[in-house]
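Trainee: Please find one structure pasted underneath; my questions will follow.
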Amino acid sequence: MGVSGSKGQKLFVSVLQRLLSERGLHVKESSAIEFYQFLIKVSPWFPEEGGLNLQDWKRVGREMKRYAAEHGTDSIPKQAYPIWLQLREILTEQSDLVLLSAEAKSVTEEELEEGLTGLLSTSSQEKTYGTRGTAYAEIDTEVDKLSEHIYDEPYEEKEKADKNEEKDHVRKIKKVVQRKENSEGKRKEKDSKAFLATDWNDDDLSPEDWDDLEEQAAHYHDDDELILPVKRKVVKKKPQALRRKPLPPVGFAGAMAEAREKGDLTFTFPVVFMGESDEDDTPVWEPLPLKTLKELQSAVRTMGPSAPYTLQVVDMVASQWLTPSDWHQTARATLSPGDYVLWRTEYEEKSKEMVQKAAGKRKGKVSLDMLLGTGQFLSPSSQIKLSKDVLKDVTTNAVLAWRAIPPPGVKKTVLAGLKQGNEESYETFISRLEEAVYRMMPRGEGSDILIKQLAWENANSLCQDLIRPIRKTGTIQDYIRACLDASPAVVQGMAYAAAMRGQKYSTFVKQTYGGGKGGQGAEGPVCFSCGKTGHIRKDCKDEKGSKRAPPGLCPRCKKGYHWKSECKSKFDKDGNPLPPLETNAENSKNL
């Protein structure tokens, strides 16, 4: 732009605000100053060498993009890109008069004269006429606005010289405009005199021709009324905001919209009885407080339908006389779809049980249609006429059904979370498992298969080790018998016994606890002494079985589980030779 320093900054800020205001955009002075400082940082050449033209401005945009790639997008002011884009559009539109004012600081009077020649030379289609005073008034107004916009804030004494210099430059612009206008006026006056000097014969012209001549003469006689064809500001309409499709109504508004679509505008509100009996009392309808419904919905969402506070809110709602339709609408509006299905199912079951119990016990019969709101009591207007006793039964069933809704997550993990504790006996675990399964499904083959599968999967690690050998062949009774005395010591002892007999652990457990044979092997019980089947240890007649096992390692060789008298090793565990083993006869001689 040919100007640097504080003067260049003020001029750039004023021109920037002027250009953007013509497009209906308002930029704060602080944002404009921040953009100018960033512009100097990115393109140091711009204040001295650049100008407000499309080529230089595109170069600035490329350097801004390069700066963002090197330093990151966070280093660029948030208003930099929008301002650059708006100025690029203005420069593309070639707004000559505004750009001439922006470049006025570095243009001489002769250059201004050349630049204004194109604006002052008008064709016959572009000429506009009026009073000369009006023309100058419009020019003065535009120039004064520019001066006031630039010098609308007080400055220090050291900046007064810059201010006077800029005002002188504005006066130069006005002087060039006036000179071009005077030259144009003289040329028009010469043409007008030549036109008037022409000898016209009045008799040779028709009235239509006279009208045309008068119109043309009026144009030429109005030289004093020539105005400068100043380009008016083009005020662009702001784009209309995008109209988003409104969201569907929810809650009571959604119910109202659905009722309007179906044509059912009959409202059912809580019934209020003012008297003591149905004979001397007329029901009065009042709306359920919206605050109560919001409180109930909030409690269900935040704490769950089975929380104590939620149940208190339900009891508060139940203190009024609600019809079946009221309860269904309240449950549907506050509960989740899954919980609403559970509530409705439980409500129907409670209503059926109440009808069966009330059969023959009341003078006025209570039908299932009254409690469910079906049949002849389907419409809300018919439910309003129900007696107090029926409405009381409806409320009781609705509250009981609400309390039957399980807590969140319990219904999904009730069986998966039923596991045997580390210190819990296996028979107690089986009892809890059967109770939970039979609550969910009736007794039968399917429930037995599920219990057997969970009895293995949800057992603790100790019982699983005991059950594993007979998992596929045993029954629930075999599982219980195998885990009857389950403890770590029992498992370790069984492992030692299997190792001493040279059997696998699984084979030993099968022989001991059976595989679906009532706790015995295929050939009867197994003797722990001789390892044979058909008898137990106390009935074993084998002499070898009566010999007592050694308590530990051999004291002679230290590397075998046998008695010292039976040791046949010639070397001990360290490889040292051992003396010959003394017999009982040699020991007696030494004595």
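Each residue, glycine too, has its Cβ placed from N, Cα and C.
The N-myristoyl glycine annotation in Swiss-Prot covers G2. The annotation compositional bias 'Basic and acidic residues' is assigned in Swiss-Prot to 151-169, 178-191. The feature region 'Disordered' is assigned by Swiss-Prot to 151-191, 568-591. Per Swiss-Prot, motif 'PTAP/PSAP motif' is recorded for 305-308, and the stated evidence type is a curator's inference. If you look up Swiss-Prot, you'll see 525-542, 552-569 marked as zinc finger, on the strength of sequence analysis.
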Trainee: Could you tell me what the rest of the chain brings near the motif 'PTAP/PSAP motif' (305-308), counting residues at least six beyond its ends with Cβ under 8 Å?
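Mentor: Non-local partners: 299, 335, 339, 402-403, 405-407.
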Trainee: Using DSSP, what's the helix, strand and coil tally for the zinc finger (525-542)?
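Mentor: Each residue of the zinc finger (525-542) counted once, the result is 3 helix, 2 strand, 13 coil.
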Trainee: Taking the zinc finger (525-542) alone, what is its mean pLDDT?
Mentor: 76
Trainee: Could you break down the residues of the zinc finger (552-569) into DSSP helix, strand and coil, giving a count for each?
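Mentor: Here the numbers are 3 helix, 0 strand, 15 coil.
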Trainee: Using DSSP, how many residues of the motif 'PTAP/PSAP motif' (305-308) fall into helix, strand and coil, respectively?
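Mentor: With helix first, then strand, then coil, the motif 'PTAP/PSAP motif' (305-308) has 1 helix, 0 strand, 3 coil.
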